[in-house]
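Notes follow the structure.
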Amino acid sequence: QIYFLCVTGALCWCSCWDGASLKINRKQVMLAKLRKSCSCTPEKLKNFLMDFLPVLRWLPKYKCKEYIWGDVMSGLVIGIILVPQAIAYSLLAGLKPIYSLYTSFFANIIYFLMGTSRHVSVGIFSLISLMVGQVVDRELLLAGFDLNDDASPALGDSSLQNDTQSNTTAFNLTIAGMNAECGKECYAIGIATALTFVAGVYQVLMGIFRLGFVSMYLSEAVLDGFATGASLTILTAQVKYLIGIKIPRSQGHGMLVITWINVFRNISEANICDVITSAICIVVLVTAKELGDQYKHKLKFPLPTELVVIVVATLVSHYGKLNEVYASSVSGAIPTGFIPPKVPPFNLMLRVAIDALPLAIVSFVFTVSLSEMCAKKYAYSIRANQEMFAVGFCNIIPSFFHSFATSAALAKTLVKTSTGCQTQVSGVISAMVVLLVLLFLAPLFYSLQKCVLACIIIVSLRGALRKFRDVPARYQVNKMDTFVWIVTTSASALISTEIGLLVGIVFSLLCIIVRTQRPRTALLGQIQDTNFYEDDLEYENLSSVPKVKIFRFEAPLYYANKNYFLKSLYRLTNLDPNLEVARRKKYKKEKRHLKKGDHTTANGLGIGETALQLVPKQTDFQALVVDCSSILFLDTSGVNTLKEILKDYKDLNISVLLACCNPSVIDSLKRGGYFGKDFGSMQEMLFYSIHNAVQFAKDQKLPADCSV
């Protein structure tokens, strides 16, 4: 066998000398690989389907006795929470509540089939709803629709059941009709579905080309700032419903400031009924939330406070006739059943293509970050690329069924994990609860006041708004991240959410650049009786090393910070070699003039005075050790900078020693010719530790002309 292998290897080696045969072999290998990758075998098709639909892998292994109780309980709780939130978030999206229910239903079903996280709750999310609503409002204004047209209930004097049936019929007619009132609603959902479809396509393309790395540029500070700024915008948008006033819906930049100005101008027109209802609902919701947080370890599942508030408020509003007597704004008719699917309008896709990009990125980032958080906590793995496909199809497919953009939601995900969720089956249970509302219970929410929905939204923002309390602690931990958070929050609130996100990303990147352009530098001293060295300004009782200066630069050395490197080095060592060399040359020249008997200089000063001014500095060190442990990489400018200081200090008979260089820095120095052509002097210029470099410098003899 060994003989056969040797002969075969020799023959193959000999054949490689023939260029033509080598070319043919390469071509054949490439064709074989291409043929293998493009071939469709039953095994490949099976693996593709199982990767594309992970439910086919884990569902057959589902442990029913062990998992079913936790999944059912978790699904029911999430479904109960989801219904009032879906109706409430329709205010943010500028759409009818029925569309929010559609979104919640389809998103849970699709993520059950395609998602890899067991605990993430995918559906409507306040930030995503806000981003959709801003685009919808803008396009409605451009199309000439009145954003403040709140149609009053058409059949308010009849019974609730008759109202529901009549309005359902009218709703179905308006979907196919083209009258003015219907046109606004149809156009609004058309914009939302077009935006959602394009965002889903972006996410699928990002998954195909594996562009998930884009999410790395959204730091925690940027995401927190974006969420907080958007929360302020959401809060502002709900104030008019909270106190029952009619003000124009502001659009464009500065919406938050303009809205608050309009609120205070019209505060005298507040609806007393809505104000009292809002106050009661907020007190009840906040109290229940605080008690729930305080006793969450004793409760098996969270209290369905939102559902209780909605049921009670709806009954009070209906039987107290708050809409007819006090003109309190109500949700209106929510039809039952499903509207026939419809292709999102292509002409609107072109109008919202740019708006869909930040929507796609934010939706994906929140979903993947929550998925990774849950996977880490419960010790299982997810596939980030498949998560991108899952959330992409959670947008593409529902857009044909009058749904808008979705994402994972933090609050509902935390509820899921705390109520015993085991697998994605809980999402199906939640979808069944929403389906029950869609088919039978939706008309019962006709008399629900909009101020109650606004209260639910505002109370749900507690977590994001509480981050203002964390600013001092955040500032103590990292000042730069705090500035990023403040800038992102301010831009998201005062300009717009999309621009705020862009500003946050750009400012975060600029902060990184600034930190590398002006990094921390220090001279090091030796910790007594040890081989370790630290910053002599940060630590006490450090001893200086005689005749040796140790300089640390805490950043990569590249073209943008090379000048700062040199300035810091010269400042800390109190020696600029270029100036010192020039001063010495001029001093020697003046000494020659003095020997010749010329006692005056060109500037009219006496030679003694000039010579006194040009006396070179007394250099107090003979070796400079550069601690490269924090230098991650060198570019061409960085290598040239080190070569420059090597040459300049050599003119002053000062050795330059490099310590703690990583392999990439050493390779850059070799390629840049820092050690010479044969690398012969490398062992006298490069050291694995600062202490080795210091010991080498101490062993060197001080040259005779080292100082003057």
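Numbers run from 1 along the shown chain.
Positions of Cβ are set from backbone N, Cα and C atoms, glycine also.
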Report task. Would you mind telling me which of 1-17, 120-136, 307-323 TrEMBL tags as transmembrane segment? Result -> 120-136
Query raised in the report: Taking 120-136, 187-209, 221-243, 431-461, 482-510 as candidates, which has the most Cβ pairs under 8 Å with the transmembrane segment (348-368)?
Result: 187-209
Query raised in the report: Any residues 6+ beyond the ends of the transmembrane segment (67-91) with a Cβ under 8 Å from its own?
Result: 97, 99-101, 103-104, 121, 123-126, 129, 237-238, 241, 300-302, 304, 306-307, 309-310, 331, 334, 412, 415-416, 419-423, 425-434, 437, 445, 448, 450, 453-454, 456-457, 460
Query - Annotated stretches the transmembrane segment (482-510) and the transmembrane segment (263-287) touching (3 or more Cβ pairs under 8 Å) - result: no
Query raised in the report: Where among 120-136, 187-209, 221-243, 263-287 do we find the most Cβ pairs under 8 Å to the transmembrane segment (389-411)?
Result: 187-209
**Report entry** Same-chain residues near the transmembrane segment (221-243), Cβ under 8 Å, at least 6 residues beyond its ends
**Finding:** 91-92, 126-127, 130-131, 133, 255-256, 259-260, 263, 267, 270-271, 274-275, 278, 329, 362, 365-366, 369, 450-451, 453-455, 457-458, 461, 464-465, 467-468, 481-482, 484-493, 497, 500-501, 504-505, 508
Report task. Please indicate, using numbers and ranges, the residues of the same chain that are 6 or more beyond the transmembrane segment (120-136) and have a C-beta under 8 Å from a C-beta there. Result -> 78, 82, 85-86, 89-90, 92-95, 100, 103-104, 107-108, 111, 188, 191-192, 195-196, 226-227, 230-231, 233-234, 237, 251, 352, 355, 358-359, 362-363, 366-367, 370-371, 374, 390-391, 394, 404-409, 412-413, 415-416, 427, 430, 457, 460-461, 496-498
